[in-house]
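Engineer: Handing you a structure now.
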Amino acid sequence: MQDSSLNNYANHKNFILMLIILFLMEFARGMYILSYINFLPTVTSIAVAITSLAFSIHFIADASTNFVIGFLLKKFNTKIVLTTGFILAFTSLFLVIWFPASPFIIIFSAMMLGIAVSPIWVIMLSSVEEDKRGKQMGYVYFSWLLGLLVGMVFMNLLIKVHPTRFAFMMSLVVLIAWILYYFVDVKLTNYNTRPVKAQLRQIVDVTKRHLLLFPGILLQGAAIAALVPILPTYATKVINVSTIEYTVAIIIGGIGCAVSMLFLSKLIDNRSRNFMYGVILSGFILYMILIFTLSMIVNIHIVWIIALAIGLMYGILLPAWNTFMARFIKSDEQEETWGVFNSIQGFGSMIGPLFGGLITQFTNNLNNTFYFSALIFLVLAVFYGSYFIANREKAK
């Protein structure tokens, strides 16, 4: 009994520390990717094309690394992989201090940061306890979202004081996360290493066994990300509001998401499979309706209400969807499988803005992008709704 209590305490301590590390790394990512490089064209000689390329390369590096990181963690062990990641992140962001307007350094740092964050995510997802998955995944996604947003806002404020003087803060945050890592005991599901050919075959096998999940993993991210390029224009040109009122809508959505992740996500635990199915299906349908409704709304107060509803639903849909995916994963392949899943999700988030921007540009109508996003959620609702209905008798 005492050993069990000690193990539970150790697991809880490790989980909390990993949450803090995830928060700090996402904080650094938010500072650099969402704030710093976006402001560079306005305060230095860096061209917008360079910062856009850096932004894209960051997420390409993130998604590509996720695809193989689970295998690398088991082949070289967590200490080597994570330490390498921290070195890459710290060194690349440290170089920004000395070369704040170097196109090569800006792109290189974005790529290295994308690689560095990947193993932390995979370890977090594979270390979640099954009987507390909904609750703990709520905490994981909350740490991710809070880190990104607070990092972005914090860097925005520092840039207003001076555009480049506080660049050292980004590498400092990574250094703190790096130090905290040495107080964590990370354990993988198994440590059996395989030859490269066997690992490639395993990637193919993992992919084939989870084809049912790929539409949801890929298209959810694509549908949401498709709206990113048009939302500022929608706010200022269609609803005719200031950037401050638009920011308030984003904040309201973020608050709704945070509340849901912290308090509603635990509803997923110890509930029937049908309840989980209902949350996922309701989420897809509600998203379809709300996104379609945005195309007809010109009142900012109604937009704020819709933003709150989207945030609340997102905060419980993510843990529910995560729990649904977890049921398909073999217990000894968690790192590899979560890595592949994260990679597919990353590619969805990359192609979404591309489609969203192209649809608006070639049709010259913002509403068509809303219709496109809503249609994706309709397709997901029909596809997975059919699966849930077919498997409802098996659900317990």
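Placement of Cβ uses the backbone N, Cα and C atoms for every residue, glycine included.
Keep in mind that this is a model prediction, so the values were computed, not measured.
For 15-34, 46-73, 80-99, 105-126, 138-159, 165-184, 211-231, 243-264, 276-298, 304-326, 338-358, 370-390, the entry in Swiss-Prot reads transmembrane segment.
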Engineer: So what's near the transmembrane segment (80-99) in sequence-distant terms, Cβ-Cβ under 8 Å and 6+ beyond its ends?
Structural biologist: 25, 28, 32, 36, 69, 72-73, 105-106, 108-109, 111-113, 115-120, 123, 167-168, 170-171, 174-175, 177-178, 181, 186
Engineer: Mark yes when the transmembrane segment (243-264) and the transmembrane segment (304-326) have three or more Cβ pairs under 8 Å (sequence separation 6 or more) and no when they do not.
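Structural biologist: Yes, since the transmembrane segment (304-326) and the transmembrane segment (243-264) share at least 3 Cβ pairs closer than 8 Å, they count as touching.
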Engineer: For the transmembrane segment (211-231), what are the same-chain contacts with Cβ under 8 Å, counting residues 6+ beyond its ends?
Structural biologist: 246, 287, 291, 321, 324-325, 328, 341, 344-353, 355-357, 359-360, 366, 369-370, 372-373, 376-377, 379-380, 383-384, 387
Engineer: Are there residues at least six beyond either end of the transmembrane segment (370-390) with Cβ under 8 Å to its Cβ atoms? List them, or say none.
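Structural biologist: Contacts of the transmembrane segment (370-390) (Cβ under 8 Å, skipping residues fewer than 6 from its ends): 212, 215-216, 219-220, 222-224, 226-227, 274, 277, 280-281, 284-285, 287-289, 291-292, 294-295, 355-356, 359.
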Engineer: Relative to the transmembrane segment (165-184), which of 15-34, 105-126, 243-264 accounts for the most Cβ pairs at distances under 8 Å?
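Structural biologist: Top-ranked stretch among 15-34, 105-126, 243-264: 15-34.
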Engineer: Same chain, outside the transmembrane segment (243-264) by at least 6, Cβ under 8 Å from its Cβ: which residues?
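Structural biologist: Same-chain residues near the transmembrane segment (243-264) but 6 or more away: 138-139, 141-142, 145-146, 149, 231-232, 235-236, 300, 303-304, 307-316, 318-319.
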